[in-house]
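If you check Swiss-Prot, you get these features:
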- C38, C39, C104, C133: [4Fe-4S] cluster binding site (BINDING)
- 165-185: region 'Disordered' (REGION)
- 165-176: compositional bias 'Basic and acidic residues' (COMPBIAS)
Amino acid sequence: MGMSAAQSHPNIITTTADWLFSWARRSSLWWLQFGLACCAIEMISSAMPRFDLAERFGMLYRASPRQADLMIVAGTVTKKMAPVVRQLYDQMADPKWVISMGSCANVGGPFDTYAVVQGVDQVIPVDIYVPGCPPVPEALYYGVLELQNRIIRYERLKERYGPEAAEAYREEERQAARSALGPRS
């Protein structure tokens, strides 16, 4: 016979393994920094003692994409760099998440030239867009919090309706975020 929740010890929490893994996945993101321009300086400053993004959110920097589940692309992505971004994204383990940080990564910034990709979402799927030129660390905080909320919704949908429904939700969220950026040249 099993114990009911009322009979169990008050310091013992009963839950499913899936819920525990989902909580750990959103509360302990391992991120791959991909800093390409001035936005990378703000990303680095967000990890310093004043803001301490990594410690506050339980995030760890990873040098290898195989160990990361979050990629933060900060700065201008050139057409020569685009295959490298795609290769690093493909090497990440599933589920993988992407934050596009700054105007250059979001829409190409002021560089409307033949050599610049007009938004990293033309190379890899992006989950969160952090605006600014360069964005302040607080904006990156907000982006990480939004990503954690999306991970919670994704995991709930995956548990309740299956992985296809969760992926459809993710794609709808990406389309909505892309359309909020407005038309591109």
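The backbone N, Cα and C atoms fix where each Cβ goes, and this holds for glycine too.
Features per Swiss-Prot, on structure.
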| residue | record | CB count, 10 Å |
| --- | --- | --- |
| C38 | [4Fe-4S] cluster binding site | 16 |
| C39 | [4Fe-4S] cluster binding site | 28 |
| C104 | [4Fe-4S] cluster binding site | 27 |
| C133 | [4Fe-4S] cluster binding site | 13 |
For the [4Fe-4S] cluster site built from C38, C39, C104, C133, further residues of that chain with CB within 8 A of the site's CB center: A37, E42, A74, G75, T76, M101, G102, S103, A105, G109, G132, P134, P135
Three-state composition of the region 'Disordered' (165-185), taking helix and strand from DSSP: 16 helix, 0 strand, 5 coil
Assigned conformation of C39 ([4Fe-4S] cluster binding site) - DSSP reduced to three states: helix
